[in-house]
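Single-structure report; data block below.
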């Protein structure tokens with residue numbers, strides 16, 4: 001499998017969305033940029049903010065689409081074309097309702113699972129053959145409560161758990177960058193004792 005060259009965090013732009021559950025993908029790439037000393041800059045031709053990060057001997061592009069979540073694919077596909085990156089070399093970090101806070105999971109391929117940023121990306125690519133980092137935000141219990149849930153802020157305990165999941169995913173990332181996704185998944189998916 002190809003090594004990763006582009007890591008995208010999904011979220012909604014603007015300070016009013018900064019700490020919402022829906023911005024778990026932004027939270028991941030922001031933490032990654034902070035840990036590696038990468039600096040964000042606006043890139044209008046890619047419809048987002050970009051940074052170049054050096055991680056475990058690999059140079060990787062980071063992207064935060066400045067479009068709203070539902071239009072994330074526009075930014076992602078523009079970046080893939082501009083940097084001549086194959087979808088298989090892409091990792092998209094996003095919030096995941098079906099995982100509890102404190103849980104993060106890597107996966108390759110599949111559908112959008114109702115996540116609108118993934119939906120738009122899959123629509124524009126014509127397939128779902130790319131890597132995902134699913135950051136658990138929990139589910140409110142009923143589908144009618146999903147929109148206010150994802151657009152709301154997590155409580156203190158859930159927020160800390162989401163932060164721990166982000167840190168664990170960053171710790172597993174060097175294995176994925178080496179193209180060793182099975183080992184990265186094993187490290188991330190195995191409960192700590």
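From the backbone N, Cα and C atoms, a Cβ is placed for every residue, glycine too.
Sequence annotations record features per position, and here Swiss-Prot assigns site 'Discriminates between blocked and unblocked aminoacyl-tRNA' to 12. Cβ neighbour count for residue 12 (site 'Discriminates between blocked and unblocked aminoacyl-tRNA'): 21 (other Cβ atoms within 10 Å of its Cβ, all protein chains included).
Taken residue by residue with DSSP, residue 70 (tRNA binding site) is part of a helix. In the structure as shown, the Cβ atom of residue 70 (tRNA binding site) sits within 10 Å of 12 other Cβ atoms. Swiss-Prot lists 17, 68, 70, 116 with the feature tRNA binding site, giving sequence analysis as the kind of evidence.
The active site, proton acceptor annotation in Swiss-Prot covers 22 and is backed by sequence analysis. According to DSSP, residue 22 (active site, proton acceptor) sits within a helical segment. Counted within 10 Å of its Cβ, the other Cβ atoms near residue 22 (active site, proton acceptor) come to 22, all protein chains included.
Annotation for residue 95 (site 'Stabilizes the basic form of H active site to accept a proton'): spatial neighbours 10, 21, 22, 23, 24, 25, 115, 135, 137, 150, criterion Cβ-Cβ under 8 Å with sequence separation of six or more. If you look up Swiss-Prot, you'll see 95 marked as site 'Stabilizes the basic form of H active site to accept a proton'.
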Largest inter-residue Cα distance among 17, 68, 70, 116 [record-listed tRNA binders, Å]: 16
Near-site residues: tRNA, ref 17, 68, 70, 116, CB cutoff 8 A to centroid: 12, 22, 67, 69, 71, 72, 117
Cα distance (Å, whole number) from residue 68 (tRNA binding site) to residue 12 (site 'Discriminates between blocked and unblocked aminoacyl-tRNA'): 5
DSSP three-state assignment for residue 12 (site 'Discriminates between blocked and unblocked aminoacyl-tRNA'): coil
Residue 116 (tRNA binding site): tally of other CB atoms within 10 A of its CB: 18
